């Protein structure tokens, strides 16, 4: 796995955020905003891991975000982050039925996020896009791109915005998405792969938390 300088800086930043959130959790386990930051950092860090570790880290992120929801059930940013985690996880899976289970969960959480914040255009577009995800996953796997990634081991986080051109992105082995969201006081790039980039490239950050 090769990292650019920007990748390495992001890795350090989010690892620092993860450690800070872990320490803060010991002081105040009922801080839902801290749990949101923790889950967001794990979501970002999963991009830099080999596939098996990335899946575990995504599950850990979901766990932290679900815990935030037990404290604040209406926290729509957490719902949206969980949906992105399930989407990323689905693209790490070759079996279409197993992937569909993750996509279905992603759709459920995108819908819940939109229900909590119905004026959020990003949530609405995310929900619309998620309905097309299983078909894109199948195309991705049929074209052999999925086997390249699933058999390749490492994550492919790239610095800055990932290219919207799928073939160019795959050659560079980038799996960033252009989902961007400002939920933790910084911009997080939701992890994913080039197929999801093509679907999500027009999305911008949601409004600040209410």
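Glycine is no exception: its Cβ is also placed from the backbone N, Cα and C atoms.
It is 151-172, from the ranges 151-172, 173-194, that Swiss-Prot records as region 'Disordered'. In the repeat 'TPR 1' (42-75), helix, strand and coil residues by DSSP number 28 helix, 0 strand, 6 coil.
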